[in-house]
Amino acid sequence: MAERRADWKRHISDQLKLRDRVQRHTFEEIVQQYNRLLEKSDLQAVLTERYQTEKYDVQRGHEASSLDSSRSDSLHQEMSQMRIRHQEELTELHKKRGELAQTVIELNNQIQQKDREIQSNEARMLEYQQQIASLEGDCRDLRSNLQELEMANQTLKDEYDALQITFSALEEKLRKTSEDNQELVSRWMAEKALEANRLNAENEKDTRRRQAKLQKDLADAAKEPLPIEQDDDIEVLAEDGGKGAGETSPNRPIGRTLSRKTSQQPQGGLLDSISNIFGRRRSANSFGTSPETSETPSGGCAEVRVPTTALHVFEAHDGEVNTVRFSPGSRLLATGGMDRRVKLWEVVSGRCEAKGALTGSNAGITSIEFDSSGSYLLAASNDFASRIWTMDDYRLRHTLTGHSGKVLSARFLLDNARIVSGSYDRTLKLWDLRSKVCMKTVFAGSSCNDIVCTEQCVMSGHFDKKVRFWDIRAESIVREMELLGRVTSLDLNHDRSELLTCSRDDMLKIIDLRSNAIRQTFSAQGFKCGADWTRVTFSPDGSYVAGGSADGALYVWNVLTGKLDRTLDRNHSSAINSVSWSPSGTYVASVEKGSRAILWSDM
């Protein structure tokens, strides 16, 4: 602060010295002229006084002597000329004096103006000094705050480093635990396989032992002589037909032989029957499911009805409805919404009557799937989990957790004993319902929006515009196909030979799975995909496709002609999220971003 004050004082002193040097030259000239003027004035006064004295002397001399007249005249002339010259010089000096006086006035005005400017500059300098002092205070405060922030940042950095070390240790521990878990599962599966093989071997030994004992007993029984009575001979002969009663005595040995043959013939057939019985028992022990629990393949629908009328418009959930699905028998309709519930509706005479609700999810439902028998319902949720309920008692049976992001789709495999789920965390997981564990985790590289399954292949649609085909056994991508927009929905036709896709480029495409090529593309004026989870559907016979638009209209295309069949646009008030066609082909259900669901048909 002291250095800055010395600097501005030095600056003012230098400015004053500069002004003194610049202005002194002009004033020096004025002073010199003024001094010369004063000298000339003094000289004039001296000369005037002398001339007056001489004048008096001349007058006295004129009076005293006439001889000096000529001399006086010459002196008088000389004095007159000198007076005239002095008068001119005096006039010149007065004129010069006036000019110099005017110059002095102007310079005084300039000095006053400069003084005012100096005062203004001094006031501004004082204001600037105050601002500088204030800014210095702010700077000191900012420096102190910066030091505090640096200390806090260092503390946070140290904590972050500590957390990073802890995280690395936990990650390593998790990896080791996962490896141990995998090893334990492998060992457990190996033990199970060994135990199953041991049981099968014991059953086989027991079966062979029983067969050997039975064959030995039968052989011993065949070697024993059988007593033949008369009634038996008559019966045997009677069976031969054409023999009379009187022929019994001569043919008794023949009857005995026939009886023995008859008793020996069933031996092979009886052994075969016993072997068949044990063979069926062994076959039953070899498989994991009994005849009572095996699923019956569902047949194709008799007739597909293209919807034309909204039979029932109803409020399905408290908030947005994300998904809808018919049961395999078309009797039940399931809807899932952001209110964390799956609601069940019974379809009776073209209306949906509330039948119950499945609870247990901690976030909105994103996907619904029935198993092939309609006994179980699978739902994916935004709380990073998938859940399974039984349909006979509406009880929550399994909760499958392991994803680190929203689970956007979950599907049963064809054996109904395994599940595939796809998540926002860019992974697909394969779950075993018997052991309730994740069997495989596959990194897909992009968020998975929907999944469909065949016997050994899983097809997934992703945020990066790609449809990926996975081999379940090899855990690898068989192939992938890139579309023009983010994939929102996948669906298979009835014979699983064609794949229907919907993407954010507002197009539906049918991919032939046999030729791996796009067979058809559907679009329509006004059709717009409203969300990243907009679901479309095949009709049960694969002859139509249906999808909902962002403007609330339901679009139906004919697969055979490739043209838009009809548009239903008067009932939904917001974007349609999902569409489902009943397996019977009679109904179509659609749900929207509002709370409404609609049941459609042609009745």
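Cβ coordinates come from backbone N, Cα and C, glycine included.
Lifted from TrEMBL, the feature list:
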- 11-200: domain 'Autophagy-related protein 16' (DOMAIN)
- 57-76: compositional bias 'Basic and acidic residues' (COMPBIAS)
- 57-79: region 'Disordered' (REGION)
- 198-223: compositional bias 'Basic and acidic residues' (COMPBIAS)
- 198-302: region 'Disordered' (REGION)
- 229-238: compositional bias 'Acidic residues' (COMPBIAS)
- 284-297: compositional bias 'Polar residues' (COMPBIAS)
- 314-355: repeat 'WD' (REPEAT)
- 358-399: repeat 'WD' (REPEAT)
- 400-441: repeat 'WD' (REPEAT)
- 536-567: repeat 'WD' (REPEAT)
- 569-603: repeat 'WD' (REPEAT)
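Looking at 400-441, 536-567, 569-603, the range that has the most CB pairs within less than 8 A of the repeat 'WD' (314-355) turns out to be 569-603. Remote same-chain partners of the repeat 'WD' (536-567), defined as residues 6 or more beyond its termini with a Cβ less than 8 Å from a stretch Cβ, comprise 300-301, 304, 306-308, 489, 491-495, 498, 500, 502, 508, 510, 520, 522, 524, 526-530, 573-585, 588, 590, 592, 600. For the repeat 'WD' (358-399), the DSSP counts in helix, strand and coil order read 0 helix, 23 strand, 19 coil.
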